[in-house]
Amino acid sequence: MIPSSTKHPSTEWAGLPIAIPSRPWTSTSSRRRSLFFAREVGISTNRQRKLPRSGSESPAMATVKTKVKTGPTQTSMQKTSARVFLYSLLLTLQYGVQPLISKRCIRREVIVTTSVLTCELAKVIFALIFMAKEGTLKKLSSQWTLVGSLTASGLPATIYALQNSLLQISYRNLDSLTFSMLNQTKIIFTALFTYIILRQRQSMQQIVAVFLLILAAVFLSIGEGSSKRSSSGDPDQILFYGIVPVLVASVLSGLASALCQWASQVKKHSSYLMTIEMSIVGSLCLLASISKSPDGEAIRQHGFFYGWTPLTLIPVIFNSLGGILVGLVTSHAGGVRKGFVIVSALLVTAMLQFIFEGKPPSLYCLIALPLVVSSISIYQKYPYQVKKKEV
């Protein structure tokens, strides 16, 4: 036994003196207490690494745990990206195919309002089917509220109804080229309202990509509307009943798109539920205006399904599925991405017209093709990076 009066020797670990009790080093418990003390003061030694402690972790185990923690997050992000790509691709194809299908399957005698109302009804049916398949339909009765529905879907649906009315007024007073070019400004307003409402910023490269997309849309509009220009018209009528309504409609389109994105991403409102609610509100607005419209008079005279054939259901169903895809793309990717989809669909339409109708794409369409591809690539490759000061 060592006398208790003997001073404790000091040992240098990593250049620092550590007082160690003068008990035999053969004691495992003493050794563990000393190493525990050294670990607490932040000193790492070769002796510590050689001597295992109860509950200790090797670097390999820590790496494994880190992978387990970060793995599911990366996997879910990859799944979300793949899902967004699939939704965008399907929506692009639907937008591109829709004009050709409608032209071939819908007769001139069909009343436009009847096809729109039937499309809204089909949207509701398909959305309910998808919600039932997802398992969220059962929770709808307990979670749905009228105030939440009006806030999330009622306001955007009303804005879209007003936008459509303004577009109809503008289209009657503008040539198709001017109308199409001014209508593309809704992409800018979508990005603007997305920043105002959601504080979702765009990088400088993404802003350049948006302007490249608008330039491509202008070229496509020139190619489509160069042969449909209006040669005469009152300048005041063109300004106040043509240019102003289409610009206001573009602003409303950007606002409604940002509100839909806010409801789905911030309020966690289901895209399927938003589709149902907006279809109902839009149908009610359309029914309210049908009493004084020419379509309402035609329905009263000839019946609701006047001019319909079994083929008429094909474009109606395609259009309703496209409406559901619009909700999914807006919910997962945002309204700006939807603008890229719409412009890309114009190229798909031009390609399909060349394949099925023998109509070659115009020079403007060929110029727009690399612009669209470049804008999409730049927008996806250079997202906005949050700076440390902003965090």
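From the backbone N, Cα and C atoms, a Cβ is placed for every residue, glycine too.
According to TrEMBL, the protein carries these features:
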type	residues	note
REGION	46-73	region 'Disordered'
TRANSMEM	84-101	transmembrane segment
TRANSMEM	113-132	transmembrane segment
TRANSMEM	144-161	transmembrane segment
TRANSMEM	181-198	transmembrane segment
TRANSMEM	207-226	transmembrane segment
TRANSMEM	238-260	transmembrane segment
TRANSMEM	272-291	transmembrane segment
TRANSMEM	303-327	transmembrane segment
TRANSMEM	339-355	transmembrane segment
TRANSMEM	361-379	transmembrane segment
Cβ-based contact of the transmembrane segment (272-291) with the transmembrane segment (144-161), 3 or more pairs under 8 Å: yes
Tertiary contacts of the transmembrane segment (207-226), as residues 6+ beyond its ends and Cβ separation under 8 Å: 175-181, 184-185, 187-188, 191, 336, 339-340, 343, 346-347, 350, 361-365, 367-369, 371-372, 374-376, 378-379, 382
Touch test for the transmembrane segment (181-198) and the transmembrane segment (84-101), at least 3 Cβ pairs under 8 Å: no
Annotated stretches the transmembrane segment (339-355) and the transmembrane segment (144-161) touching (3 or more Cβ pairs under 8 Å): no
Distal contacts, the transmembrane segment (144-161) - CB-CB under 8 A, six or more residues away: 252-253, 255-257, 259-260, 263, 267, 269, 273-274, 277-278, 281-282, 285-286
